Number of protein chains: 2
Amino acid sequence: MNVIKIGGNVLDNPAQLEQFLTDFASIQGPKVLVHGGGKIASELSKQLGIEPNMVNGRRITDADTLRVVTMVYGGLLNKNLVAQLQARGCNSLGLTGADANVIPAHKRPVTDIDYGFVGDVESPEQVNVTFLASLAEQGLTPVFAALTHDGQGSLLNTNADTIASTLAVALSRQFEVNLIYLFEKKGVLLDVEDDTSVIHHLQPQYYAELKKQGAIFSGMLPKLDNAFAALQQGVKAVIIGDAAEIKGIATGEKAGTRITL
Amino acid sequence: MNVIKIGGNVLDNPAQLEQFLTDFASIQGPKVLVHGGGKIASELSKQLGIEPNMVNGRRITDADTLRVVTMVYGGLLNKNLVAQLQARGCNSLGLTGADANVIPAHKRPVTDIDYGFVGDVESPEQVNVTFLASLAEQGLTPVFAALTHDGQGSLLNTNADTIASTLAVALSRQFEVNLIYLFEKKGVLLDVEDDTSVIHHLQPQYYAELKKQGAIFSGMLPKLDNAFAALQQGVKAVIIGDAAEIKGIATGEKAGTRITL
């Protein structure tokens, strides 16, 4: 099973998105799509006179902003992705973490920053894998918007990377799972200025060496730390690569950065 | 199985909505919720500077309006209804007709009026009953937003009453289905000025008599004609009643107008 997360860059470019969806629809076997959509949410916020408020790269989600991300992630983007996958013969289904209680979460506790209606997911053990397995059995492809819920009636804005890794870990109980993060680079780069310097295979020892040398772009470190954490919880491989190369990545051809234990 | 449609009046009143959801969650057996949300869509349209354009009580859905209803019906309302049902122990799941290709439709052909991105559903035979039955088996309650899709990548704004009756007819192949339309009156009234003049039981012969006498409010006639059409296609009973009385309606107590063949 492939759990594939796409970011804003793909969603914002209609031509890229169409190609990606065509490629995604053609991937054999069970698969899950997870999407963000922060830029489009920010645009709608501005149109409605709500100023986006970011702290440390995370959106502060007040009640008005929660409405906006619910509309944009859960409605506009999610349902259009589903309709476009249907047109490509991929029988998909749009979900948030609230639907079928797939991803229980809780509101992030207030410490020095109050993130507002932001969700931290409960452990992968609480993911409704039974439901996801039944979808896979029926040949249905879930498409997840980056929303969860607190079980008390409130939706929560939730990091899409975290949703993807939580689902991947949970599904590893029943499936052999590849967790694939797509962005606009060919993979993890040895030299951030050189797009051809892709690291094709990253394992713990090599990663430790590269970190010691300071060879990995600092912005990539949390993603890689999370990747190794997912592997330790049962995910078979984490692949970081270019959305334009999803076909090669999914078939296991040399594309992107393959991270394994 | 109960297929229950709620309209704008319930959705617009938070106190009524909370009570309705508590009552709905307590209904035993498989059930489906279908909702509209036109008033809230109109409000968002106005905030975004899109003037709602209604012809014969139907919304003309241009591309901008389709974006709005996708956000409001598919995102804001649908996902909040799901989160609120989850809080009440009802394991629900938000869907449009595009999800799992449950309700295939086509864009309404342009005749004298171009309704824009408005969907006319294909026949109930094309509804994905297998998927809905699998949800029912898993104890999951689908919540439908009034959107379908054309199978070619476009979502379509679709009348919620039609979605409810299409689902009810389709599900009658596998379930004994009550189709319940909830609004702000106690039922179909003999005297539109007298809320106590509810017709408790309506059958074809009595309906024909009442029509001949001109005793039924003309605005109710299309709904009743559709009700009898649904009965002729296998629905067991159609009930029209007050959202505040859903518990009595669902248990078969004397509430609302019960329509049968």
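Residue numbers in this text run from 1 along the chain shown.
From the backbone N, Cα and C atoms, a Cβ is placed for every residue, glycine too.
Among the candidates B:R59, B:R173, the residue that TrEMBL names alongside B:G37, B:G38, B:N157 for the substrate site is B:R59.
Rounded to a whole number, the C-alpha distance linking B:G37 (substrate binding site) with B:K223 (site 'Transition state stabilizer') is 18 angstrom.
Per the record's binding annotation for substrate, residues B:G37, B:G38, B:R59, B:N157 show a top Cα-Cα distance of 12 Å.
B:K223 (site 'Transition state stabilizer') carries a helical DSSP state (H, G or I). Rounded to the nearest whole angstrom, the C-alpha distance between B:K5 (site 'Transition state stabilizer') and B:R59 (substrate binding site) is 19. For B:N157 (substrate binding site), the same-chain residues lying six or more positions away in sequence with a CB closer than 8 A to its CB are B:R59, B:T61, B:T65, B:L66, B:V69, B:Y73, B:G116, B:F117, B:V118, B:G119, B:A146, B:L147.
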